[in-house]
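> One structure coming up, written as structure tokens, with questions to follow.
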Amino acid sequence: MSAWGLGRRTAVRAEPVERAPAVAVSQVSKVYPGGVRALDNVSLTVWPGTFVAVMGPSGSGKSTMMHCAAGLDSPTSGSVRIDGREIAGLDETCRTELRRDRVGFVFQAYNLIPSLTLEDNITLPLRLAGRSPDRQWMHALVERVGISGCLGRRPAELSGGQQQRAAVVRALVAKPAVVFADEPTGALDLHSAHQILQLLRGLVEEFHQTVVMVTHDPAAAAWAHHAVVMADGKVIDALEAPTAARLADRLIALGGR
Amino acid sequence: MLHLALRMAAHRFTALLAVACAVLGGAALLTGTGVLAESGLRSQLPPGRLGGADVVVAADQEFHPSGDLPVALPERATVPADLVGRLTRVKGVTAAVGDIGFPAALIDARGRVLPAEDPRTLGHGWSSTTLLPQPRIEGHPPSARDEVAVPASAGVRMGDRIRVVAGTGEPSSYRVSAVVDAPEAGVYFADGTARRLSGREGTAGGGRGGPREGTVDLIGLRVAPGAGEPVAAAVRDQVAGTGLKVLTGADRGTAVGPGVSAARSLLILLAGSLAGILLMIVGFVTAGALGVSIAGQRRDLALMRAVGATPKQIRRLAACQATVVAVVSAVPGIGLGYLLAGKFAQALVDRAVLPRGLPLTFGPLPALVTLVLMLAVVQVSARGAAWRTSTLPATEAVAESRSEPRAPSRARTLTGLLLIAAATASAVTPLLVRTALGATSTSIAGIMAAIGLALSGPALVKGAGGAVLRRMRPGALAPSWLAVVGMRAYALRFAGVISPPAMGVVFVLTYTFTQTTVLAATQQDIRVGTLAQHTLSAPQLGGLPPDTASAVRRLPGVEAAEPVTTTTAVWQYKEFGETTTESASAMILSPGGAGVYDLDVRDGDLARLKGATVAVSSEAAGSRDAGLGRRVELILGDGARVTARVVAVYARGLGFGPLVLSQDLAAGHTTVPAPQSILVRTDGSAAAEERLAALAGEHPGVVLSDTDPGPGTGQDTPPEVWINLAVIVVLLAYLLLSIANKLVASTVQRRTEIAALRLVGMTPGQVRAMMRREAVAIAATACGAGLVLSVVPLALLGQGFLGHPWPSGPVWLLPVTVLVVTVTAFLTIELPTRKALRTPPAEALRTL
């Protein structure tokens, strides 16, 4: 029902005209001081309700791409639109406010605030925005991810899997246009990782959420609808309904270059 | 190990910079104090007017209590005059001179006294010129009774007539027979005249010479070239068993003026009183800086544990690194300390606390002691700071290093609370002991309580944070809410940040107000206890003419006039089964003293101050078993041992000292027999005052002043107070370094937290708002805690000394202290926060 586009390629699926892409990155380059070109004229469109994996070896620019696409960092050139709003040229405060409203994050290191209980952590973005949480939505999410029993606890008292599930709820509680997940399973054991990926895929399917996941793990990327492979700051390949085996082959081929 | 330590040090340069500053400042302060102490023990005046004497025989001007430092005796102790003749016969002696000094003053044509360094001993016999170092003498020795030789600086010529006040008599006219050009030259009379004027010989008319008859101040010997050592040895044999000292070379300086040499002991006193508080604060600041630096390296240390370093190696690494930094920064600090001591001594000289010309001793000892102390502090603090990380299991150490909130331990909280309770209890001392010494327990109690706060702080902060959080409205702004939540959760970190400024507040308040309160109480004692309205004195003459008192008493309107002199007495008494030696200033009072002073006599009567008697303060009477009728053993200012009966016990010991000597007891035991001042009580009429002024006007050099200089003149501010206030400013600056370092470090440590908050949507403005609220909370808690800890000791101090439960002192001190603490907290949090915000949050997280 929705589609994704990549670079010059045409959209693969019929796109609903009334909806804007959740994220539209077009011809973005990022050059760090010292001349390192982390991104080289990258374009990527993510349509609502899709689960996209961005893959690539270390140093391929996938993290930089995510930071630019999510408004954490500003690109050197090119345009980034989140839910239809251009973020290039916005200052840090405006970008933060936009992120707070329209973007959710899940990190490898969870990044829950240790001094806050899970519930306080989950509602923190809304509190910062001065909004009150949609209790029904929050409880639905909490039930769905299975952490309703530990809302009053501090992060240090929970397992990594539980913390990451809380981070997923925090990312979704403000009903964002897109959730970015940066190696969300990198710090988890196989079982927990499986749960998180299943959860992300489930949230996309059931709640019509949009997720962009950066990972170097082909098994994780195989959960996505689509996968983009990056190398040397460029998007070099796109696969639909990828399998772990195909992705692994692709990456090994890259490593052998 | 050293290599590793240095490598790690290079990475943590900024954190170690604070350690370096702490060590540098500490080394400078300790060395400076050390130089003062060493000078107090060893510094010697230049031989000055005795520069021409090869060997000097003089009495020992120090009292040597067993097992304690010698006590300086400021009054000249004499040498038997007949020794001069015996020493003349020693082989190799070319001249032996019995030197006597007595008050003398030259008066110029306009009736003004020519200024002199020490008029109390300006007069000498002509033979003393033999002892001058290469004097240029023009003229002939004074031989007639009205002939005198004057120093070239007087600006008169041979043959001129000049008025001289000799031996505190009436001024009379002398003919200048010679002009003596030599440094520190005095006024020289014919030897016989000098002996009479100084009371060492009866007058021709049959008058008695006084208690010092048949003595000289010292004996100077000139010897044949190269005979110095053998003569000194022979003279030592001659005087063996008399207690006299035989001085040569630089040691001769000690014999020049005992009063001046005794001022050295002030330096020891000063260094002693500074040392305790200084060590405490240097330790606190250095340990604090090291704690911050090692906390910053905790992750590195933990990872080293993980790859196989033993706990001992970790501690050695931390200590090694700290030692390198300490040595590197202690060296310039020690240099700075020597400079500082010089400046400080100069300031003391400028304020007439120290005599001009007393040189400082710049030996290597203070540097060595400082180095050893600083290294000890650094080693202990570094090992202590690394202890926790080093003893944890390797894996836990890595986990722990991610600075999860920790719960404060119960034992720690309890220790802290007990310390605060003990400190508060010890603060009652001023209620019981109303002396300057008793008052010191106030600031000690304050600082002890502040250390208690540092220990129990985390639990208290946690409790307070929880209480605030429960009261907080649900709609409170996110930054405020986060600030309070963080404060409660990171109670340990937060309390660590609060204790240094709280300690600063406690230190400034208790230390300053102790000084000012004791000063106020002392001045109140003196004001209330002084009945006389006027004081006659003659500082430029060295003493008042002996018949001044009776002349004043004859004036109509004068109700009482009594001579008052201050000397020093050493009191040895048993305390807790040990002999304690205390040197204290003692007033010499006549039996009529009650007419000018109301010492608030509780027992006995000042009128009985006749013969070998003393009056003592009630504090001294109580603690030294010296009640009415008891006998006390004293060592007077010239070293004479006397036994005296207590005839009165008075309450105003704070203002008037612990001891009052009778005139009879002190007679002959002071350098100058004449009284220093005469206190005069009139009927208060203007006529009486005019007559008094007229009397003073008739005598050149005699000064009339009011006993109560009025408030605000600051004339009576004793040098100790001034010194202590200077010390507070220096130490506060040093403490601020620690405060700033701690706050900056704790803010820098929170980069991860700030980055995480930004990732979930906190705007930079919100981050700053949160941190500002924390700064306000820190400043407010620190000031509040400091205030609370200071209130009880200061109230007790006020009650004990002033009779009302608040201290005396400058009111502006409190707002200024609060302002300094607040500004420091604000700046040291705001600036690192702004710096942290300049890094994009994702990058900040990645680099950690």
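A Cβ is built for glycine as well, from the same backbone N, Cα and C atoms used for every other residue.
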> Under TrEMBL, which of the candidate ranges B:2-27, B:444-469 is annotated transmembrane segment?
B:444-469
> Where among B:266-296, B:317-340, B:360-378, B:490-513, B:775-797 do we find the most Cβ pairs under 8 Å to the transmembrane segment (B:809-829)?
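The stretch with the most contacts is B:775-797.
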> Please count the residues of the region 'Disordered' (B:120-144) that DSSP assigns to helix (H, G, I), strand (E, B) and coil.
8 helix, 7 strand, 10 coil
> Test of understanding: applying the rule of at least three C-beta pairs under 8 Å (pairs 6 or more apart in sequence), is the transmembrane segment (B:411-432) touching the transmembrane segment (B:266-296)?
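Counting Cβ pairs under 8 Å (6 or more apart in sequence), the transmembrane segment (B:266-296) does not reach the transmembrane segment (B:411-432), since there are fewer than 3.
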> Does the transmembrane segment (B:775-797) reach the transmembrane segment (B:444-469), going by 3 or more CB pairs under 8 Å (6 or more apart in sequence)?
yes
> Cβ under 8 Å, sequence separation of at least 6 from the ends of the transmembrane segment (B:444-469): give me the contacting residues as numbers and ranges.
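Residues 277, 280, 408, 412-420, 422-424, 426-427, 429, 484-485, 487-489, 491-492, 494-496, 498-499, 502-503, 506-507, 509-511, 781, 785-786, 789-790, 793 contact the transmembrane segment (B:444-469) from elsewhere in the chain.
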> Would you mind giving the whole-number mean pLDDT across the domain 'ABC3 transporter permease C-terminal' (B:274-392)?
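On average, pLDDT over the domain 'ABC3 transporter permease C-terminal' (B:274-392) sits at 84.
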> Sort out the residues at least 6 away from either end of the transmembrane segment (B:360-378), same chain, that have Cβ-Cβ distances under 8 Å to it, and list them.
19, 23, 26-27, 30-31, 33-39, 41-43, 279, 282-283, 286-287, 290, 319, 322-323, 325-327, 330, 333-334, 337-338, 341-342, 345
